[in-house]
Amino acid sequence: SACRNKYFSCCCPSLIPSRETARFYLLFVLIALYMLAGAAIFSSLERPAELQAHLLWERRLQDFRHEHNISYEDLKSLLHHYEEARTAGIRTEQGRALWDIPGAFYFVGTVVSTIGFGVTAPSTLTGKVLLVFYGLLGCSSTILFFNLFLERVITLLSFLIFWCHRRRGGHSGLEDSDGNRNEEWKPSVYQVTLILFVAVLLVACGAASLYSAMEGWSYLESLYFCFVAFSTVGFGDFVSGQREHHEDTRVYQVGNCLLMLLGVCCTYSLFNAISVIIKQGLNWMLRTLAWMYSGICNYRLQLRPLFKLCFSDSEPPKCYCEDNNPHRQQVQAVSC
């Protein structure tokens, strides 16, 4: 066994990646497979609706042209101008101003939090250039804030779980059978993940109730918006605070910003905790693959005498490893 390990390391040293490198490659393959599976699923779900929407739109264009006696080119030109106006914030139904101080503050909040709904975007060249440098510093600072928030959340949860663990184990402290104190107890990553998941769920459900009442969305649409916003995906199909009039507008704007900040921080913490579990899963998969590879190698070693009998005329290539036995100072040959 020892010589076999030496054989593999001396013959093919470049084929043995480090643990971190192997985990990186495995994660890359799994993410690619996960994306391919997601693409197939969402394509089968959404592609028929997309084709139906295209047919309905073409039918409506044809009906509008015939009803108002407008040429197809003129109608396309009008729609093209509307697309340009929509980029500047023009809507068929009047909404709130996008670039007043509250609107601009909402925009920079979506920038530094990396949400990026896409409803508001700078249209001037100066604004676009400034956004590059503004976002570079703002996003970096916000990610640092998220990391510091995560550290404090983990510390608080560890303290609470440890306190509950000690209360359940008695007030005298945790001691082993010899009377010595055990090493400091640490909470499981699964416990922390479960608590963070419950916290994110509570924040999302509470925020969905507010958005459903203020925006006129259904509760499921509000929950969908909360995930898209809190996970910083930010599709832009649902955006809060865009209606022209809200009851208690100022209070709602403040509450909306606080909910966004709290939701993004909690979701970021949950994602980090889940990533630790995924890392543990990758380690388990690597151990399983190593065990399977070891079994294949052992099986091949057992079949080696049979191969020697079948191919006795041709001598297999050899790799020489030093023998560790001090009583036999010779070199053993191991067939490759």
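Even glycines carry a Cβ here, placed using N, Cα and C.
Straight from TrEMBL, the features:
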DOMAIN    88-153  domain 'Potassium channel'
DOMAIN    199-278  domain 'Potassium channel'
TRANSMEM  24-45  transmembrane segment
TRANSMEM  104-125  transmembrane segment
TRANSMEM  131-164  transmembrane segment
TRANSMEM  189-211  transmembrane segment
TRANSMEM  217-236  transmembrane segment
TRANSMEM  257-278  transmembrane segment
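Spatially, the transmembrane segment (131-164) is not adjacent to the transmembrane segment (24-45); fewer than three Cβ-Cβ distances between them are under 8 Å for residues at least 6 apart in sequence. The predicted model assigns the domain 'Potassium channel' (199-278) a mean pLDDT of 88.
Listed as Cβ neighbours of the transmembrane segment (104-125) (distance under 8 Å, sequence separation of 6 or more from its ends, same chain) are residues 87-89, 98, 131, 134-135, 138-139, 141-142, 229, 232-236, 239, 241-242, 253, 257, 260-261, 264. Look at the domain 'Potassium channel' (88-153): DSSP puts its residues at 41 helix, 1 strand, 24 coil.
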